[in-house]
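Here's the structure, in structure tokens; my notes come after.
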Ligand SMILES: O=C(O)C1=C[C@@H](OP(=O)(O)O)[C@@H](O)[C@H](O)C1
Ligand SMILES: C=C(OP(=O)(O)O)C(=O)O
């Protein structure tokens, strides 16, 4: 069996609208921010509502390897005890394909007195980190990588001088978030200044600033720079909101089947960028002709699969950096959609054009979706399986990156799944 054909799940279109209650897991973005901030604080922080998935496990394991005590009293909590310092780990930190953990820890490693090597899986080894390393070097930190991607080596001296750092966040806003979070642990104020293209999703910077403020940081913000005071962090108790990107699959499943799924939280309660997708999803089958995905990037795969069943075609713009996520999502979406029906998805430059064909619903169109081990490909193409017979998701276990319970969530709503469906824990 070809590796990508493993763990195949075929989704059987339900004959009824999906109804029921499914709570999405905790936010990946917030969990990995507050795990790091709690680890950098002196004292014990209780984090509740957390996501437990591959990405957050890699973060927690890496922090443990740097001397932080992290207890896990239940399925959604972490108790983090730090002494305000991170120590050099005995071995390289392996972070899978967790972009947040990799970028945030690369900057935080500059606070360590000693060497930290940060590595990831084959996918992560293709995801650029050069701009962050250049920014760290400008602060006098020895940070290098042979390829501009992980593995990276940081040789810290336990701190860094105050100063001004320019960062190009065009490829990833995570570089800016990473610098912001480590900057509060310097010996003086740090000015972080945006260089080059604007950041894709500004909302992730807001998320970072909100988490930092909760842990006692002080940041002055202007249009394209931030001044971070050297406050360090204080331990706090923090309740993590549910994951907005995970919520998009449930919102889409609801409108695709004309059902009613109670997420236990209103769309307006989310502070994460992908919650902006709610209004668009609610407008189905009248999605607009052009969707700028730049401020809700992780929701684009959900919206693109939804667009296939829209009444009119949809062009997705502002999504160039989807090419450097877990896979090249612009290409993967175009190929996957066209696997269902030739020409359904097409690339034009960095835009994605979805042809849209409501008459696809109810037809049998056997398609094996190559997820490229990308959780968002698996979760979004499963939505096509709610409407079309014959949709098979390959490497379906990749959902463990951010939503390990995804297949059970669909099952609990009455969706029949065939193939390598994991047993519920
Ligand atoms: O800061 C964050 O938590 C994230 C930022 C976004 O990535 P980029 O900043 O790389 O676009 C997003 O795609 C990712 O899933 C989470
Ligand atoms: C891009 C994503 O993740 P990350 O960058 O955190 O690996 C994602 O979850 O869609």
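Please read every residue number as a count from 1 along the shown chain.
Note that Cβ sites are derived from N, Cα and C of the backbone, with glycine treated the same way.
Keep in mind that TrEMBL annotations are predicted by a computer and have not been checked by a curator.
Summarising the annotation, TrEMBL assigns domain 'Enolpyruvate transferase' to 15-263 (among others).
Positions annotated as phosphoenolpyruvate binding site by TrEMBL: 28, 99, 127, 174, 329, 376, 401. Sequence-distant neighbours of residue 329 (phosphoenolpyruvate binding site) (same chain, 6+ apart, CB under 8 A from its CB) are 300, 301, 319, 322, 323, 374, 376, 377.
Sequence annotations record features per position, and here TrEMBL assigns 3-phosphoshikimate binding site to 28, 29, 33, 172, 173, 174, 298, 321, 325. Around residue 298 (3-phosphoshikimate binding site), the same-chain residues six or more apart in sequence whose CB sits under 8 Å from its CB are 245, 248, 274, 325, 376, listed in sequence order.
Annotation comment: TrEMBL describes 294-407 (among others) as domain 'Enolpyruvate transferase'.
Under the three-state DSSP scheme, residue 298 (3-phosphoshikimate binding site) falls in the helix class. Look at TrEMBL and you will find 298 tagged as active site, proton acceptor.
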Largest CA-to-CA spread of phosphoenolpyruvate binders 28, 99, 127, 174, 329, 376, 401, angstrom: 19
Residue pair residue 173 (3-phosphoshikimate binding site), residue 127 (phosphoenolpyruvate binding site) - Cα distance, angstrom, rounded: 13
Listed in sequence order, residues with CB under 8 A of residue 127 (phosphoenolpyruvate binding site) and six or more positions away: 97, 99, 102, 120, 149, 150, 324, 325
Candidates near ligand 2 among the binding-site residues 33, 127, 173, 329, judged by a Cβ under 6 angstroms: none
Cβ-Cβ neighbours of residue 174 (phosphoenolpyruvate binding site) (radius 10 Å): 28
Separation of alpha carbons, residue 33 (3-phosphoshikimate binding site) and residue 401 (phosphoenolpyruvate binding site) (Å): 16
Entries of 173, 174, 401 (binding-site residues) sitting next to ligand 1, with Cβ under 6 Å as the cut-off: 173, 174
